[in-house]
Amino acid sequence: MKFDSILAEINGFGKFQIVLVLIQILSRITLPCHFLLNNFMAAVPSHHCNIDALDTGAVFGNLTLDQKLAVGIPAERDGTPSSCQMFSEPQYEYLLGSNSSKGSFTVQCQNGWVYDKSTFKSTLATEWDLVCSRKGMNKATATIFFIGVMVGAPVFGFLSDRFGRRPLLLVSYLASLIFAVLSAFSTSYVMFVILRFFTGMSLAGISIMAIVLNVEWFSIEHRTFSGVIISLDWTIGNWILVGTAYFVNEWRKLILAVTSPLILSIIAWRWLPESARWLVAKGKTDAAHHYIMKCAKMNNRSKCMATITPATLLECAETEHGAKKYTFVDLFRTPNIRKLAIYSGMLWFGVAFTYYGITLNITGFGLNPYLTQFIFASIEMPMKIGVYYFLEKVGRKHGQMGSMLLTGLCLFINIFVPKDKWTVRTVVAVLGKSMSEASFTIMYLYTTELYPTVVRQNGLGYTSFLARLGVSISPLIVLLEDLWHLLPAATYCAVAVGTGLVASLLPETLNTRLPEFIEDIEKPRRQSPRKEIQ
């Protein structure tokens, strides 16, 4: 008897599964809050050089603020004060309407900057002056965070395949809470980025283990629903981030506010079940029987447990396979799973690279950052509902291909839309963001179905590692605009199209059994009993 058959008997979509999803919402809503936190925490408000040092006489001191800026700071082409340069001496001739630059020498800001605090009271940029020649350090805060996620993904993937999903989730909850809180009290830039690295590393566990635990408890016909419904946590978390950032405009307090749901996650962990599918695959049939019995009782299917005993589960476990210890190396030992690992790794890299390239550039469309983030978050809900019905009819493979190719098309169109046409740019960007979000939603479910149970967390850890590699690089691509202003957009577009083509090389998983062992990958997939009957 296969585990999917057992799950069908005890109801693979009942009260037990609903409680499982609700418990995990508490932790998963913190993921977008931290993954997209740099949009607000590292925002760069309008700024100009501090020109107090030019006040060497009575004339300068009697000028209005606008006049001081006119004589102390050169103007950009659009008439706004320069952000990074100032005059070495006051240029009083500008007060008389003279446009002559003869004798005026500009220098880099000598005494720090003055920031516009109307939108953000404090950010990383204002705290440690991460602007002008130091703007790369500001972008690096996101990169270092995602390098942490990149490192944490394979670590938690390996450990959760070895020791189970449930205990490693608690480790992830506790570590994420501790490192996030400590980062909010950082006294230096170096201390902050180190703690953000470990925060990202800890959050990686929640990112990859939560969805796997859900999918492993849902029956075949409800796997699509489980994958999509848990992705809605990201949308909810996105809305929470926008609302919290709007009312909490100091970066230290913002970190504490968006991390607080993890306290509830730690309390609710005691009711979180272990994956019975993983326990069966590992030959731990007594523990698996305990959770299956609990599931049957909550779903009012206790009568079905008469034929399901630890001995039955032992047959299901195929212990000659379950006793083996699996590692990342097993992802590349045999031909079919090797191809799967290579193609899925490329897919995750491209999807994440493109998604965060769009999402972390909320200031590039001419709108208020809060409004842009809210629009980006709001488009996700109808898109994910549409994805659910699309996946049920068309399948994962074509959904993944189509969403990425359409993302590339939107990015390509925006290359040719002038920046002053901010309405058109925003509409096209929102469409591209929605397609990118769809691809991300499909990708998690698709990959979970592709890898067998014994290496599923290893596989998800490996692909998440490559995804975070893409995310780590993505914020830095914006710096390429110094070489050519269209190079960042062209890069994101090319990667999106290439990723869509790679998706065509993966097999379809709609209405197929979840593979339990690597041997299942090396032979043709079987249809679900429901599909076979039809």
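Each Cβ is built from the backbone N, Cα and C atoms, and glycine gets one as well.
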For the transmembrane segment entry in TrEMBL, name the matching range from 35-55, 140-160.
140-160
Using TrEMBL as the reference, determine which range in 437-458, 459-480 is annotated transmembrane segment.
459-480
What residues elsewhere in the chain lie close to the transmembrane segment (486-506), defined as a C-beta under 8 angstroms and at least 6 residues from its ends?
339-340, 343-344, 346-347, 349-351, 353-354, 357-358, 397, 400-405, 407-408, 411-412, 414-415, 436, 439, 446, 450, 477-478, 480
Counting Cβ pairs closer than 8 Å, which of 140-160, 167-185, 254-272, 398-417, 459-480 has the most of them with the transmembrane segment (340-358)?
459-480
Other parts of the chain folded back onto the transmembrane segment (140-160), taken as Cβ under 8 Å at six or more residues beyond its ends:
34-35, 38, 42, 124, 168-169, 172, 192-193, 196-205, 207-209, 212, 327-328, 356, 360, 457-465, 467-469, 471-473, 475-476
Please compute the mean pLDDT of the model over the domain 'Major facilitator superfamily (MFS) profile' (96-510).
84
